[in-house]
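Residues or ranges marked as domain 'Ribosomal RNA methyltransferase FtsJ' in TrEMBL: 21-201. According to TrEMBL, the S-adenosyl-L-methionine binding site annotation covers Gly53, Trp55, Asp77, Asp93, Asp118. Residues annotated as active site, proton acceptor in TrEMBL: Lys158.
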Amino acid sequence: MGKTSKDKRDIYYRLAKEEGWRARSAYKLLQIDDQFKIIEGAKRVVDLCAAPGSWSQVLSRRLRPDQDPSVKIVAVDLQAMSPLPGVTQLQGDITSEVTANEIIAHFEGAHADVVVCDGAPDVTGIHDLDEYIQAQLLLAALNITTHVLKPNGAFVAKIFRGKDVSLLFMQLQLFFKHVSCAKPRASRNSSIEAFVVCQNYSPPDGYIPNMANPLLNPQSCPDFSQLGGINRAIVPFVVCGDLNCLDADKNYSLDELEDREYKQLEPTQAPIHPPYETALNMKKSGQACIPPLIDDVIIEEMVASDNEFEDGIPLDILTELSISQEIQPDLIPDLPDNEPLLPPDFLINKL
């Protein structure tokens, strides 16, 4: 695939490089803010799951155009992120109370005006599983938000609109007076991705934030256990972005935009330590990314007993593995000609 292929297929990816954004997701927050004015006038903002930093870039450019020192932005992520002007970075876990306390400490004891979260898991392609994992990530973000967000504050987070999304809306409505579902035009129509825009934070009476107990624990928030059944939440669905916005699902030729001269560019900022870094280094060095078959302690014991080795694995272990993988002839039933051999019953049950 050539370097220009993705520029043709994804116009927002191409524009992000031209305008200096670290990722195309910056346009999603820009379009949401243009519609809801979420970050307008905010002085303390938290960006959860911030890497690679495109949403933090939007916050910095919109809230600190004049380098106002009274505006404080905190970006939190498990991965390291390249520095951004006016953004304090915390490398931590959003499910940890230590992280919540560090955010409050940076705000000198005050609470945030706005919390945003563009985090998402690595999708598997199994939509029900992806939706469930994303919902758990959203609840984790909501949990830490209840620690750091001030009353009447705002919360924006990514969701996957699956069949059970109404339950998420009900849970969010327990904490916010106004909940909307937003779909920026920079988000592909073919994607189930959307964003919840929650305004006017107002937790249930008697609710005490506690990172030790997840929100789904009835003892932590009794109102959560009463949700379900036929109580469906209906929230406004808002399309964000001008009608003249570029189409995220369309392929644009390199010379189609008349007011822009195409120039192939590299991404604005490459990841510092991506999760796949170890695998890439092993591949470049010619090492196979295969986990060890047996425990190191067992190998040491076999070394002490003068076992012969092949490629670092005792020969008797290799022999046992090869025998266990062989097909035993006496286990294969006699079948008529041209009749397929079906898998065993236990495999059929698993399938």
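Each residue, glycine too, has its Cβ placed from N, Cα and C.
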Using Cα positions only, nearest of the binding-site residues to the residue listed as 'active site, proton acceptor' (Trp55, Asp77, Asp93, Asp118): Asp118
Neighbouring C-beta atoms (10 Å sphere around the C-beta of Asp93 (S-adenosyl-L-methionine binding site)): 14
Among Gly53, Trp55, Asp77, Asp93, Asp118, the record's S-adenosyl-L-methionine binders - longest CA distance, Å: 18
CB contacts for Gly53 (S-adenosyl-L-methionine binding site) [other CB atoms within 10 A, all chains]: 25
DSSP-derived class (H/G/I helix, E/B strand, else coil) of Trp55 (S-adenosyl-L-methionine binding site): helix
Assigned element (helix, strand, coil) containing Lys158 (active site, proton acceptor), judged by DSSP: strand
Local confidence of the prediction over the domain 'Ribosomal RNA methyltransferase FtsJ' (21-201), expressed as mean pLDDT: 93
Asp77 (S-adenosyl-L-methionine binding site): tally of other CB atoms within 10 A of its CB: 21
